[in-house]
């Protein structure tokens, strides 16, 4: 697999020897050739006596590397599949600990750079102009610039980007001047490479609040401004729990449908999928999730992706606390928090039991990623198992009144740093050194054993009881009993859990399925979370009439949360397997590299 870093099994770089502290980018956006070209100047602090600097790169064409104007020799190793190439830069003389180097690298990216998605005009809402966006998490920044592509390293950056005049350029930084074809950016807060982001399109914006704008193509701008109008309220609620928001600006970019995630927490510019535009703000929890990453992930970061739960588990945990805090009645707030936790538990159970398998090492909270690509390890496990673990600890230690103070202390102590699970555990024990209950935690099982969590919190089930009763009613298989009154008082999330529960049961007869869809107005829902679960339920019943809608869905929406399970269900239906493969091969260009790679590996599409 190559000589990887002792600090990160997914990186060639050696930040324990010399570490990047600042990056200056000068880039030109070339839509015709689908490349970025220009230079990256790296400010490097030397920590040990060294004769070379080792970086990560992927499919980059290096034009030259220089130090103080003098050309340097370098070696680019043969690429390791999915990890790129080790770039070793020879220094003209041995550098000593304490030295500071300024290394300028001129280069061009590849049209197949895994971090960059170049969209044709037909793939955008406006249908007139191309579009570019990036997705660097987990280890794809190395295809945009030579860097230490590990979350162990954090750097500040500034940039000047040249693009055609009619295009807007956005980055994960504070936007400076935009004159003619050039736009400048500055990010004074240190961030890991996976949070470097760029988007270039013909965009408009609307102001949401004193520190927030929303950007999108003009076709979505009004819907987006309405859907995310409460961003400032969510930011303030987050600050009450976690402390001041330190990134100054919190903008949103609504991307074209091929964006593979629900959201990506790029600092100063959260990327979100247009599937959130439900028209009823029912998917606001995704926005709150991305806001919470401003503290857990962006400010306090996992050291490498074996400890991804420190990013995502904390963020889900905080997201549910903040969302509940917006409900005035404390009893109703707890019910709501527990209800959303139960929904997460359902998704975790499906992932662990039905998809990955209870013995799969990737169901561990802290997996071993030596010889395992972080993309291949991606699942709901770090999100939901991590959040559930924190809820267990909160309940054990004394509830939110006690645990919230710890959270603020933890965030302050590790602000602008990267840490691993052992450091979290040590800090927890030190903070609660007089709390004997911590000694009862089975750390080995929670952190390093596969399967479902060893303890499930005692959640309030008052919002799930009517769902359980309705599932039992549907399982009577009597279409005449189905009436809209069954779900008239259900929230969108209760409908989601209802459908999720039905997916776990034996397939429904088609007459029951069709009656249910029509009576409950599910088959006409505009909420993609509901529609996605409805399509899965139909596939389980082998409903031929739904295939056109399923293929239309996966052909226009690139969000992996939907695409992966739907293609898996299609592939498992033997009669339509070849049709699914053919569709994937014809439409694969709408999906990003991560989604395509997953489908190819999982389903042997070739």
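Every residue gets a Cβ built from N, Cα and C, even glycine.
The active site, proton acceptor feature in TrEMBL is assigned to 290.
Cβ neighbours of residue 383 (active site, proton donor) (same chain, under 8 Å, six or more residues apart in sequence): 309, 312, 313, 315, 316, 344. Here TrEMBL flags 383 as active site, proton donor.
According to TrEMBL, the Zn(2+) binding site annotation covers 289, 293, 312.
What TrEMBL records for 462-603 is domain 'Peptidase M1 leukotriene A4 hydrolase/aminopeptidase C-terminal'. Note: the domain 'Peptidase M1 leukotriene A4 hydrolase/aminopeptidase C-terminal' (462-603) comprises 106 helix, 0 strand, 36 coil (DSSP; helix = H, G, I, strand = E, B).
Taking the mean position of the Cβ atoms of 289, 293, 312 as the Zn(2+) site, the remaining same-chain residues with a Cβ inside 8 Å of that point are 263, 265, 290, 292, 296, 297, 311, 314, 315, 316, 319, 383. The C-beta environment of residue 290 (active site, proton acceptor), restricted to residues of the same chain at least 6 apart in sequence and closer than 8 Å, consists of 263, 264, 265, 270, 272.
Residues within less than 8 Å, Cβ to Cβ, of residue 293 (Zn(2+) binding site) and separated from it by at least 6 positions along the same chain comprise 265, 311, 315.
Around residue 289 (Zn(2+) binding site), the C-beta neighbours below 8 angstroms that are at least 6 residues distant in the chain are 262, 263, 315, 316, 319.
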